[in-house]
Amino acid sequence: MILSTQRLGRFMSPAPTPAPDAKPRTVLGYGSYAESLRIGEILRKETVGGALLVAAAVIALIWANSPVSDSYFALRDYKIGYEPWHLELSLGAWAADGLLAIFFFLVGLELKREFVAGDLRQLNKSIVPVAAAAGGVLVPALIYAAVNIYSPETLRGWAIPTATDIAFAVAVLAIIGSHLPSALRIFLLTLAVVDDLIAISIIAFFYSSDIQAAPLLLALIPLALYAFLAQRYRRFFGAHFMAAWAILLPLGIVTWALVHASGIHATVAGVLLGFAVPVLRSKASGGPEAGPGLAEIFEHRFRPISAGVAVPIFAFFSAGVAVGGWEGLGSALADPVAIGIIMALVLGKPIGIMGTTWILTKATRARLDGSFKWIDVFGVSLLAGIGFTVSLLVAELSFGHGSLHDDHAKVGILAASLLAAILATVVLRARNRQYRRAEELEKVDSDQDGIPDVYQHESRG
């Protein structure tokens, strides 16, 4: 049968071609200018906190290995609190369970804001950092498990090398004087935030034991009241500084105490309280365009407390390990626990993050932003291998505070974080000249509208 001219033309017509102005999707682009400013402010605050964190850890190590080390351990193990409520804890435990809940409260605020109002609410911008963070959790966990596969006792520490310490990482950036472009800083912070979310989930599901249903259910009452008041009177709590301390803080403390009594690690309460805070302003208050929401206001109020007090005190009580001289250090580093942690953080993190990012770019036919090369992703991936605060916490949950494996795990965490910081320094310092050019490019505003051109190009692309 002969095809008609119309049918033949339809059959023979070439496949549609993409529009001439179509561009491949960019990975590690600049995102929005507002998000860049916000994250830049967060990282500047974390730089000071990171310096305090490192100083606290160094002081603890020196004190724990000095002739007066007994006084350090006596201070760390000194108990205080109300025993009938199961709250008679050592100072070290108060730092881990209590003060660190403030850190996780901020994590909850940051996570909710990123997924409600930040760049992560857009799938095309969130898929790469979220997937890279997942790869940066999975590969280190597998490497640690492979090293400790024949020891069920030490295998419990598989989650130790999964988290990234953003405060420590940005402190390293400040020390080496890196001009890391904002797009890479945003990528690093996003990795750390998603890492924290995964770590919180791991702590809640794998490191909670003897869960008591009654206090857990009771905790829902103050938590629900806290959420209702924060949502209903968000403008009031944002405008009146002391109101949140007088009304919301007691509800938060009761929630924390009941979660602690339930057997679930109390830091999870901090995350839940952070999730309960509204991100956007209500319509009655002018909506999102009228100014920062309650979550951002609380973040400004609590970040100095977290970065300047809570996390450094936790590091002080957690990082103090009696190494026992060079012989003791060698023994600690020969433990499969320490070997697994070092290999997981120094090798597993870069492999997981960079490998996942590379696979995604190939699978989606995306490309890196023209300002960056794969060596830049590698440098940031090395920085992500600095696992400190959450890693120290998971080590204590895995092996018990002050146990031999716990001490060896902490030595491994410290050694791995130091090694990752040194390697990241070598890579990123070598690229500083290119980063300075990118930094200058970020300042160009040819149309004088207050928004640098790179962010406008990003939004149009």
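For all residues, glycine too, the Cβ spot is worked out from N, Cα and C.
Positions annotated as region 'Disordered' by Swiss-Prot: 1-23.
Taken from Swiss-Prot, the feature transmembrane segment covers 48-68 (among others). The list of residues near the transmembrane segment (48-68) in space but at least 6 beyond its ends in sequence, with Cβ under 8 angstroms from a Cβ of it, reads 165, 167-172, 174, 303, 306-308, 311-313, 315-323, 388-389, 414.
Here Swiss-Prot flags 89-109 (among others) as transmembrane segment. Taking Cβ pairs closer than 8 Å, the transmembrane segment (89-109) reaches residues 75-81, 193, 196-197, 200, 252, 256, 260, 265-275, 277, 295, 298-299, 302-303, 305-306, 309-311, 313-314, 316-318, 389, 393, 396, 401 in its own chain, all 6 or more past its ends.
Outside the transmembrane segment (127-147), and at least 6 residues removed from its termini, the chain residues within Cβ reach (under 8 Å) are 27-28, 120, 155, 157-162, 164, 187, 190-191, 194-195, 198-199, 336, 339-341, 343-345, 347-349, 351-357, 360-361, 366, 381, 384. Per Swiss-Prot, transmembrane segment is recorded for 127-147 (among others), and the stated evidence type is sequence analysis.
The transmembrane segment feature in Swiss-Prot is assigned to 157-177 (among others).
Feature annotation from Swiss-Prot assigns transmembrane segment to 186-206 (among others). Residues 28, 31, 35-36, 39, 42-43, 104, 107, 110-111, 114, 119-120, 126, 129-130, 132-134, 136-137, 159, 162-166, 169-170, 180, 264-265, 267-268, 271, 353, 380, 383-384, 390, 393-394, 397 of the same chain sit 6 or more residues outside the transmembrane segment (186-206) yet have a Cβ under 8 Å from a Cβ within it.
Residues or ranges marked as transmembrane segment by Swiss-Prot: 211-231 (among others). Within its own chain, the transmembrane segment (211-231) has Cβ neighbours under 8 Å at 237, 247-248, 251-252, 254-255, 258-259, 261-264, 269, 272-273, 276-278, 294, counting only residues six or more beyond its boundaries.
Remote same-chain partners of the transmembrane segment (236-256), defined as residues 6 or more beyond its termini with a Cβ less than 8 Å from a stretch Cβ, comprise 98, 101, 105, 219, 222-223, 225-226, 229-230, 266, 269-270, 272-273, 292-294, 297-298, 301. What Swiss-Prot records for 236-256 (among others) is transmembrane segment, and it gives sequence analysis as the kind of evidence.
Distant neighbours of the transmembrane segment (257-277): 85-87, 96-98, 100-112, 200, 203-204, 207-216, 218-219, 222-223, 226-227, 230-231, 294-295, 298, 393, 397; these residues of the same chain sit at least 6 beyond its ends, with a Cβ under 8 Å from one of its Cβ atoms. For 257-277 (among others), the entry in Swiss-Prot reads transmembrane segment, with the evidence type sequence analysis.
For 305-325 (among others), the entry in Swiss-Prot reads transmembrane segment, with the evidence type sequence analysis. Listed by sequence, the residues of this chain that lie at least six past the ends of the transmembrane segment (305-325) yet keep a Cβ under 8 A from its Cβ atoms are 45-46, 48-50, 52-53, 55-57, 59-61, 63-65, 69, 72-73, 76, 91-92, 95-96, 99-100, 102-103, 105-106, 167, 331-332, 388-389, 392-393, 396, 407, 410-411, 414.
Among residues of the same chain six or more beyond the transmembrane segment (339-359), those with a C-beta under 8 A of the stretch's C-beta atoms are 27, 128, 131-148, 154, 157, 160-161, 164, 191, 333, 374, 377-378, 380-382, 384-387, 391, 409, 412-413, 415-417, 419-420, 423. Look at Swiss-Prot and you will find 339-359 (among others) tagged as transmembrane segment, backed by sequence analysis.
Taken from Swiss-Prot, the feature transmembrane segment covers 374-394 (among others), and the record attributes it to sequence analysis.
Under 8 Å from some Cβ of the transmembrane segment (408-428) lie the Cβ atoms of residues 57, 61, 157, 160-161, 165, 168, 172-173, 176, 178, 180, 318-319, 321, 323, 329, 332-333, 335, 337-342, 344-346, 349, 375, 378-380, 382-383, 385-388, 391-392, 395, 398-399, 435, all in the same chain and six or more residues away from its ends. The feature transmembrane segment is assigned by Swiss-Prot to 408-428 (among others).
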